[in-house]
Ligand code: PEP
């Protein structure tokens, strides 16, 4: 059985002191929950202060991006070993905002995913279609192209550790959610694609839904057979809301 996984994506929010305030509250609220895996993916500059609060707790630490090289002349970038040394377990790769605003390609995502594994990090790879693509009936084409390119050359052992977040771009931060059936059906399609490339390892991959997940819709989403958790943006910035989402996944 796949353990449900709720991860918060704070995006570019919370200074180091605000971050500490949030995780102090969150740590208290989710204490004792062991049937759902919980992670917070913070801005890079908050990782140290957040880790100071959540180490030895049931909240894992995640980053929102990394570069694939180990070190060198890549101004502004952060490497895998830098994250690993801070106790980071997960790294979001290929979020639609990075693809759209920072020009990340599937090739970049693939290189980053391989680098993440090389340095002991588990990637959360994001895929999903735009509204235009959905309306043109191209959701499966888009997602299939992303999955095939993003996972190319990974081993079965790596894929077993992988997390995929299906995030329809039109549902991110808009208050619009895919219906739970729509989300389940695309996630099933993604799992079948993984099965084509990696056989029964597909049953081990956790596939989250992301896009305006809130306390009021999480239970319905989690009731779907293929949905293993959620990547939560806006609602992860408030300890009360994020805790309700975690509890909705129990
Ligand atoms: C996200 O940032 O990945 C996300 C899904 O955001 P929101 O929950 O705010 O739609």
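Using N, Cα and C of the backbone, Cβ positions are placed for all residues, glycine too.
Note that this is a predicted model, so its numbers are computed, not measured.
In sequence order, 8, 9, 11, 172, 173, 210 are the residues near residue 233 (substrate binding site), counting only same-chain partners six or more apart with C-beta under 8 A. Following the DSSP three-state reduction, the secondary structure of residue 233 (substrate binding site) is coil. Summarising the annotation, TrEMBL assigns substrate binding site to 9, 10, 11, 173, 212, 233, 234.
For residue 95 (active site, electrophile), the number of other Cβ atoms no farther than 10 Å from its own Cβ, over all displayed protein chains, is 27. The annotation active site, electrophile is assigned in TrEMBL to 95.
Counting every protein chain shown, the number of other Cβ atoms lying within 10 Å of the Cβ of residue 167 (active site, proton acceptor) is 28. Secondary structure at residue 167 (active site, proton acceptor), as computed by DSSP, is coil. Annotation source TrEMBL lists active site, proton acceptor at 167.
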What other residues of this chain sit with their CB within 8 A of the center of the CB atoms of 9, 10, 11, 173, 212, 233, 234, the recorded substrate site? 172, 232, 235, 236, 237
Within 10 A of the CB of residue 9 (substrate binding site), the number of other CB atoms across every chain shown is 26
Under a threshold of 6 Å between Cβ and any atom of ligand 1, which of the binding-site residues 9, 10, 233, 234 are retained? 9, 233, 234
Could you tell me which of these binding-site residues, 173, 234, has the fewest other Cβ atoms within 10 Å of its Cβ? 173
